[in-house]
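> What follows is a structure written as structure tokens; I'll ask about it next.
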Amino acid sequence: MSWLEKILPKSKITTPRRHNIPEGVWTKCSACEQVLYRAELERNLEVCPKCDHHMRISARARLESFLDEQGRTEIGAELEPQDVLKFKDSKRYKDRLSAAQKETGEKDALVVMKGTLKGVPVVACSFEFSFIGGSMSSVVGARFVRAVEESIKEGRGLVCFSTSGGARMQEALFSLMQMAKTSAALDRLSKAGLPYISVLTDPTMGGVSASLAMLGDINVGEPKALIGFAGPRVIEQTVREKLPEGFQRSEFLLEKGAIDLIIDRREMRNRLASLLAKMLNTHVIEE
């Protein structure tokens with residue numbers, strides 16, 4: 001110890017107290033990497049308030065924010081997937097289903113509700129991407145057909161929010177059959193003179209994009225959503241060419257005429273209510 005240390009008063013070294021912040025309070029935008037307050041992000045419908053990047057939102061949260069609060073009823077909730085093929089790859093299909101159900105709280109990858117949209121009668125469907133990549137299974141097809149039948153029965157418009165990797169390989173031909181099944185149901189809806197608005201969100205690929213997602217009377221994309229059949233990496237490897245900038249993004253598809261509109265998620269409720277009111281020859285109830 002030096003002579004200076006002997007004459008100077010001893011100071012206590014204190015370490016700052018650690019505050020226990022619960023997990024999940026903060027999150028990071030996957031586009032701009034800004035740290036965001038989780039509650040604020042949820043109020044903003046999972047759209048980054050800094051850069052407007054549209055993050056993925058759960059099927060149930062989407063429908064609950066889209067439809068009027070009063071009078072919402074779920075359709076086809078009792079339908080549950082079955083492992084009829086006893087399929088097994090690196091894991092048993094039965095185990096994949098159990099894990100997905102535990103993670104999402106849903107029985108399968110499509111949630112269907114009927115209700116009103118600013119007073120306009122509607123049936124709305126939303127894919128849950130966290131459930132095995134939003135893949136189309138027999139239950140997804142059955143629920144979608146139920147949605148169409150309910151629309152025809154009660155004269156309601158139909159809206160579907162797609163986000164999917166395509167057909168569910170663990171169900172083989174049972175899954176592929178849903179492409180024809182859902183397309184045939186939409187033909188019946190069209191013959192009944194009722195509108196179908198398809199909203200393609202990030203990502204909408206494979207058998208879903210090749211069937212129900214692209215059959216809307218009006219096809220809407222969310223900003224910068226990846227939309228296509230095969231993914232861009234697969235296409236590049238096949239054609240051995242560099243793809244154009246923004247290829248398969250909703251802005252590219254709008255420019256080429258593959259979709260009709262791009263609508264910000266925060267404006268979706270008002271814009272679609274206005275469109276459906278015109279198509280059903282009714283009026284919107286202003287809030």
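The backbone N, Cα and C atoms fix where each Cβ goes, glycine too.
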> If you check Swiss-Prot, which stretch out of 29-51, 167-189 is marked zinc finger?
29-51
> List every residue in the same chain as Cys32 (Zn(2+) binding site), at least 6 positions away in sequence, whose Cβ is under 8 Å from its Cβ.
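In sequence order, Cys48, Lys50, Cys51, His53 meet the Cβ cut-off.
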> For the zinc finger (29-51), DSSP counts of helix, strand and coil?
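Secondary-structure composition of the zinc finger (29-51): 6 helix, 4 strand, 13 coil.
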> I'd like the number of other C-beta atoms within 10 A of the C-beta of Cys51 (Zn(2+) binding site), please.
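Taking all protein chains shown, Cys51 (Zn(2+) binding site) has 11 Cβ neighbours within 10 Å.
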> Where does the mean pLDDT land for the zinc finger (29-51)?
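Summing pLDDT over the zinc finger (29-51) and dividing by its length gives 94.
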